[in-house]
Amino acid sequence: MAILFYLARGTRLALTRNRILASGELLQSFKLYRYRVVVSGLVLSNQLAVCPFTTLAYRPVYLCQRFSQIRGFVTGRTETKARSELEQQGKEELNCKMLPVKPFERLPKTVVPVHYDITIKPDLVKLVFEGHESVTLKVVEPVDQIILNSLELELENIRIVDESGQETSISKVVLDVENEKAIFKLDSMLQPGQYYLKLSFKGAIIDKLKGFYCSKYLSADGEERYSGVTQFEPTDARRAFPCWDEPAVKATFDITLVVPKDRVALCNMPVVSELPYEADPNLHVVKFDRTPIMSTYLVAYVVGEFDYVEERSADGVLVRCYTPVGKKEQGRFGLYVAAKVLPYYKEYFGVEYPLPKMDLVAVADFAAGAMENWGLVTYRETCLLVDDQNTSTQRRQWVAIVVGHELAHQWFGNLVTMEWWTHLWLNEGYATFVESLCVDHLFPEFKIWTQFVTDTSTPALDLDSLKNSHPIEVPIGHPEEIDEIFDDISYHKGAAIIRMLHNYIGDDDFRRGMKLYLTRHKYGNTFTEDLWAALSEASKKPVGSIMSGWTKQMGFPVIRVSARQEGDKRILQLSQQRFLADGTKDENNTMWMVPIEIATSRSPTTPSKSFVLEGETAEVVLDDIRPDEWFKMNPGQVGFYRTCYEPELLKHLVSAIDNQTLPPLDRLGLLDDLFALVQAGHSSTVEVLRLLEAFANEDQYTVWNRVCSALSKLSHLLAYTEHHELLKSFGRQLLGGMTRKLGWESKPDEEHLTKLLRSLLLGRMAMFDDPEVIAEAERRFQLHIKGEEQIPADFRSTVYKAVLRTGSRSKYEDLLRIYREASLHEEKDRVASALGTIKNEEILKEVLAFAMSNEVRSQDTVFVISSVASSKLGRDLAWNYFKDNWDLFNERFKGAFLLVRLVKSLTENFASEEKAIEIENFFKEHHCVGTERTVQQSVESVRLNAAWLGRDAEAVGIYLTSKTAVAE
């Protein structure tokens, strides 16, 4: 184990049994172990803080986070106060946030692979595969065993051979299933040098959407067939071939596939040869070029029947988009995006894409949206294919975003890879930020940065306000823990703080820093500190000092603002404290270094003041501002924090919403912050309802998107009261004017965001049971199913949901028929998401059974059930169905992140203490691997909902009743 030391200037050291490790080694070696850490003492001097620990079988607090907050001996606090703060933080972190996990050690570095030569022969009828590999090994120090990863593979003919051909005998093979390892014990010691591990293996082509798995499709003549697809991130390459399955253990790969002659075989690199397979004339041997040095989770191969379209990018890369047979025209939009994105990233980062080709493949069965395998990116069909007649504007935009995201990974993640899953955000946060850069470049009409706030920043703020959130950099050990951090913190908070940093240092320095980072670490592995170092060097700003608190600490601050006028000056008093969704005070007194910007009514889009808030409070002077003029914190909502204004300041800003002198993102931000403060009990829900009325004449999609999100949350809550119908009436009044103005028909040359706004408002009005919208939806639906007039793709989902609101069985049967006949997966998704809106209890039970049937692909089961759980009636039914069929759900989704998503959607919108207890007890009795943190977050959300209703339900009912009376 390691004992941490912190020097006064922040140098990290660790004392092992034999020696002291420097910072980089610590980050690597420390996370090999997981302990229950109990603070047993603290010694402080002028130079050194020492904290000894005892160990049990729980993982540690992220010590870098906890220690970095204790600066008492640096900033002048007394040693006693520093000791007290550390002990208090340690107790809270240990007692409240620890999750029980399995003991785990990373693979030893005594033997590492240099090169893999792998041959795979799949049987796509029997759904099995066999293979053999020769792994070139570098033995670093004498060893008597070799440890690597292997799971659900049968290993045979294992040999260790040196460069001269001499073989070392293997005395025993141990398959450690629990830790997903194979251990080859040797008769004699291997001395340092180069060796070859040769072995054969067999496995099943599973249907679990991970490892080497099968994806079902129908051939042109209706025959059911399977393609073979790989999904190795995070730790499933070990299911396909024995390997050192950790991101920092990189090697090169020669891959050969033995496949039927009538199937397409794809891999990371181009084909270098195709030869007959002597043992079977129906097969051929497809050999692929050698890969660059890379991590195992990025290896990929696909075997199936595909068409493709191709284009060569401006920088000479051959780009192909592979689609199901007969759908190649649906691949042209994705191909266009990819061919434009590659040269854009090359120019922006100043680093070439290093592979000769880029393949994009649409896969029928796929758990995530896409996977960034180097040179062979796999996608759900709905994230790549675009049908000009049947794909909505929203979906087309989504395809552009996903393609941009996955190709960003070719640099961030593939060329430069995080050292361990603790630093996953280096992949996902950066790709989520950069996707917006490229989409904004290719499609400026999307105004994607205006959507970034609602789609990226707000979800991250919501999750990160929970006490059961986690830092961006969260300690990861056993593979079971990894899936839970593929969440809004790693992706969205990561992207949001990068956007804040980009704004702070400027685009030119950001690009220089990115080039430095990628060039310095290409083909290598990094820690977060490596990124900060490159950006600091490029910008000459203290990036590491500012940003470390944002990645190593949970949560974010709320900036409280008061002001006084002195002549033509406004004196602002700012203070920060951690924002918690339950409204309690953060006892740890967590602080951040916060980049602050302030704009005024004279120049709403250009900050008049920029600085870094380094302490708890600050006084700021705004010059040349009259008493009747407003100022706005965080213009453009670039900073990752909430703002709480004193009432008089808020009145000025509400007036600026009415006359729209406040820019759209700031109108959105004002509502977003107030809504969060209301949830935390710092303000009344009635105040939010009053503010919402100021948006009646709003014309911007992004603002309406946030308004509708607020109404949706209130609808979930008030469904548990007698005031739900009153809220629907309020919503119809608020949205009605703009809905009627836009109408159902798009206009020539209409803006992209106007199309999105029409779909948004019509959809929400349908959920508010607006009689005019539902009547028009039913009229259009009848014409659609008769084949007389097709519903435009942009509001087909709205129509489907609207017609089911009546609970009619005939409409339900019509929608099932559309689902069964649809060949476009997007159309199936539209129907699947609509089925849960029906109000008939018996039909909802049928929908739940349908979700688990063979008619619904397992990747889509979650979304059908989630749609049922979107209403109060359906939520109870879906939760009970989940409990009653727990064994089936656990067998189908165990260890998959889809189960995490399902648990969240089923539980987080309940609103009583009784349900919170019920959920806790259920998951205590039914251990759900990889969902522990999600369950805690959901239970916390349920209790927040219950507290919210307890505070405000009565006042909300009175207010909504008064508004309804006035309207009548």
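If you go along the chain as it appears here, the first residue is 1 and each next one adds 1.
Glycine residues also receive a Cβ, built from the backbone N, Cα and C atoms like all the rest.
These numbers come from a predicted model, not from an experiment.
Sequence annotations record features per position, and here TrEMBL assigns Zn(2+) binding site to His405, His409, Glu428. The domain 'Aminopeptidase N-like N-terminal' feature in TrEMBL is assigned to 112-298. If you look up TrEMBL, you'll see 335-550 marked as domain 'Peptidase M1 membrane alanine aminopeptidase'. Annotated domain 'ERAP1-like C-terminal' per TrEMBL: 630-943, in sequence order. What TrEMBL lists as site 'Transition state stabilizer' is Tyr491.
Feature map: annotations from TrEMBL on the structure.
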{"residue": "His405", "record": "Zn(2+) binding site", "Cβ contacts under 8 Å, 6 or more apart": "Ala370, Glu372, Ala431, Thr432, Val434, Glu435"}
{"residue": "His409", "record": "Zn(2+) binding site", "Cβ contacts under 8 Å, 6 or more apart": "Glu372, Asn427, Ala431"}
{"residue": "Glu428", "record": "Zn(2+) binding site", "Cβ contacts under 8 Å, 6 or more apart": "Phe486, Ser490, Tyr491, Gly494"}
If you draw a 10 Å sphere on the Cβ of Tyr491 (site 'Transition state stabilizer'), how many other Cβ atoms land inside?
23
Near-site residues: Zn(2+), ref His405, His409, Glu428, CB cutoff 8 A to centroid:
Glu372, Glu406, Ala408, Phe412, Gly413, Asn427, Tyr430, Ala431, Thr432, Glu435, Tyr491
Averaged over the domain 'ERAP1-like C-terminal' (630-943), the pLDDT of the predicted model comes to 94
